[in-house]
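J.: Pasting in a structure now, in structure tokens, and then I'll have a few things to ask.
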Amino acid sequence: MNAQHLQPTGSAYFIAKETERPENHTLSVLVDNEPGVLARVIGLFSGRGYNIESLTVSETEHEKHLSRITIVTRGTPHVLEQIKHQLERIVPVHRVVDLTVRSHEFGQERPLERELALVKVAGTGEARVEALRLADAFRASVIDANTEHFIFEITGKGSKLDQFIAIMKPLGLVEICRTGVAAMNRGSQGM
Amino acid sequence: MSNGQSERREMTGAEMVVQALKDNGVRHVFGYPGGAVLPIYDEIFQQDEVEHILVRHEQGAGHAAEGYARSTGKAGVMLVTSGPGATNAVTPLQDALMDSIPLVCLTGQVPTSLIGSDAFQECDTVGITRPCTKHNWLVKDVNELAATIHEAFHVATTGRPGPVVVDIPKDVQFAKGFYVPPQIAPRTSYQPKVQGDLEKIKAAVELMAIARKPIIYSGGGVINSGPEASHLLRELVDLTGFPITSTLMGLGAYPASGKNWVGMLGMHGTYEANMAMHDCDVMICIGARFDDRITGRLNAFSPHSKKIHIDIDPSSINKNVHTEVPIIGDVGRVLEDMVRLWRATAKADKKALYPWWEQIAKWRARDSLAFKMNNDVIMPQYAIQRLYELTKDKDTYITTEVGQHQMWAAQHYHFEKPNRWMTSGGLGTMGYGLPAALGVQIAHPDALVIDIAGDASVQMTMQEMSAAVQYKAPIKIFILNNQYMGMVRQWQQLLHGNRLSHSYTEAMPDFVKLAEAYGGHGIRCEKPDELDDAIMEMISVRKPVLFDCRVANLANCFPMIPSGKAHNEMLLPDEATDEAVANAIDAKGRELV
């Protein structure tokens with residue numbers, strides 16, 4: 001092949017280098033609870049190359065058919081602004097609030113964020129005792145148990161859950177289920 | 001809108017579809033029947049208020065509806081069956097999404113009981129069309145059908161217009177339910193902002209009043225906003241004395257004969273338009289979106305200007321280019337306020353703009369659209385110029401395909417009015433122009449409708465010649481035939497060392513015979529001195545015409561902003577030697593993907 005004699009190829013697209021730093025933000029999205037609405041939201045994220053770190057969704061106002069979606073996403077401030085506006089274009093989307101930006105406006109570092117995890121740990125003897133002792137320290141409650149296992153329920157910030165799970169690993173961790181982040185801003189105002 | 005008889009009447013879903021079309025003012029539907037829409041076709045058969053235009057391929061129905069919409073300002077409507085009917089509609093749906101064209105697409109679906117069972121001609125239509133529509137619906141309850149279709153028309157035509165899909169299972173078409181007439185009760189989550197923020201408009205007017213090197217950059221949003229917006233744009237230009245350029249989609253909003261017109265901007269725009277964009281101190285972007293074909297290299301885009309951006313879609317603001325004064329609202333409404341505020345507060349200091357206009361005159365003197373005439377071979381630019389001269393005084397509508405011919409048409413055909421220029425800008429769909437011309441001709445039966453085509457593009461939807469013959473739509477397909485995919489070849493010359501991989505069409509149909517085979521009229525022209533007579537013949541024939549205009553095979557489209565270059569680094573026609581073309585992409589180009 002004489003590939004080295006060929007001219008380099010190019011493109012008509014100018015790919016700008018991102019100079020801003022990416023940040024994690026938590027968005028609250030109020031939507032009509034109708035078929036396909038979640039697909040519209042996550043399709044937007046995958047179609048436009050945005051990140052989803054965590055996603056939770058559930059109906060919050062049954063009589064108004066409203067669901068609230070909480071998305072933790074990562075991007076530069078410019079991309080985060082685009083995400084908000086792109087979400088607002090979706091017809092069944094009522095409101096989009098960047099809770100992280102809102103908390104900064106209130107002089108706070110971040111919004112209130114909580115996550116729930118179910119953690120199954122199996123073992124006997126010393127490890128079993130240690131698991132129960134640590135669970136107590138983390139204020140995790142036992143929701144199922146027999147002589148060979150526990151299922152703990154733990155609620156808190158993501159970092160607390162991460163830590164608890166890491167500690168349980170050598171003590172016979174079997175499986176984990178996490179809900180993803182639920183979040184709202186402090187203070188009396190709604191979203 | 002609603003007639004008394006249709007109030008809460010019981011009818012079948014299929015009847016509702018036709019009634020809803022009537023109640024939304026629809027006169028024409030472009031479509032193709034199939035198993036899952038037979039009940040609707042049966043209803044269409046039994047009435048004559050809504051005329052159905054039978055195309056030869058669903059993609060043609062979509063582009064025809066787009067042409068219809070673009071030339072009338074109303075929603076275009078297409079009707080297709082499930083499965084392949086719906087998938088064939090995807091290209092025009094995405095095309096309409098990118099160019100903000102109101103398009104209502106009704107698709108048949110397999111009966112609700114069969115959905116999800118991989119039934120014959122089943123596809124997940126709402127799933128497939130979700131990212132290429134503004135919104136879409138699957139209607140499973142006949143009692144929601146009428147309200148859904150009304151909402152579909154509302155969503156398609158308001159705010160930033162766009163395509164919508166209503167997917168209707170066959171059992172819903174047969175089922176009986178109650179019809180509701182259109183109501184002005186939009187859902188609460190969809191409230192497009194049309195009125196601009198007055199404080200922002202005030203700030204814009206103040207910025208404009210002190211500008212010394214201003215430019216107005218207008219786009220398709222002005223056309224979409226309606227004729228009044230174009231009128232107001234002209235008024236604003238007259239009041240301020242500012243130069244104005246436009247995107248491909250915005251041509252005609254300001255007349256090309258207007259004294260402040262500096263031509264189209266962007267990759268194949270004029271030198272004066274791009275240089276003025278680069279050097280300006282205040283840029284007023286009206287209904288355009290800083291597309292990559294417009295801006296060139298982003299970090300060198302108009303580095304010294306403050307930017308005002310009027311757009312109905314908040315996501316267009318600050319998407320690609322940072323804006324100092326963003327104004328969210330309908331272009332027409334915002335311009336109304338802007339013109340009123342300018343009259344009340346600002347005095348146009350047109351003298352202060354003299355140096356700027358002098359500079360623009362110098363750029364204009366470079367004559368960036370010039371080309372070398374040839375007495376033996378028809379130059380493609382010359383063909384467009386003659387076409388323009390011979391049709392400009394008629395009631396003419398122009399559509400195009402995509403490629404070199406499209407850019408030459410934009411450069412050398414001059415538009416005086418909005419809604420006269422139908423082209424696929426965002427998606428760049430080869431095969432758009434012929435069916436779009438059909439749609440325009442159906443909407444304007446007595447007008448002269450010309451598709452300026454390329455030999456490659458036109459073969460993508462050639463079958464709609466048959467539809468044009470059936471409906472006696474005398475569309476004129478003016479093919480600039482150079483045997484190449486000209487723009488592909490031009491890029492291979494620029495970017496790929498002149499290795500012309502598969503951009504030459506070795507077997508070409510005889511377009512004259514092809515026209516005759518369809519029942520149309522064929523013309524071939526090979527010599528510049530025969531061109532005028534041939535064009536006059538094309539105009540006079542009351543039949544669909546395929547005009548095979550044999551043009552210089554290797555002509556390229558200039559001026560051009562090469563890859564990764566800025567507005568002030570254009571490649572001009574007199575500088576575009578073979579060597580310059582081969583080296584237009586420098587070492588920096590290697591960094592680009």
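Cβ coordinates are placed from backbone N, Cα and C, and glycine is handled just like the others.
What TrEMBL records for B:11-127 is domain 'Thiamine pyrophosphate enzyme N-terminal TPP-binding'. Taken from TrEMBL, the feature domain 'Thiamine pyrophosphate enzyme central' applies to B:201-337. Taken from TrEMBL, the feature domain 'Thiamine pyrophosphate enzyme TPP-binding' covers B:402-549.
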J.: Would you list the DSSP helix, strand and coil counts for the residues of the domain 'Thiamine pyrophosphate enzyme N-terminal TPP-binding' (B:11-127)?
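T.: Helix, strand, coil within the domain 'Thiamine pyrophosphate enzyme N-terminal TPP-binding' (B:11-127): 58 helix, 22 strand, 37 coil.
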J.: Do you know the DSSP helix, strand and coil residue counts for the domain 'Thiamine pyrophosphate enzyme central' (B:201-337)?
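T.: The counts are 55 helix, 27 strand, 55 coil.
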J.: Per-residue pLDDT averaged over the domain 'Thiamine pyrophosphate enzyme central' (B:201-337) comes to what?
T.: 96
J.: DSSP says what for the domain 'Thiamine pyrophosphate enzyme TPP-binding' (B:402-549): how many helix, strand, coil residues?
T.: 62 helix, 27 strand, 59 coil
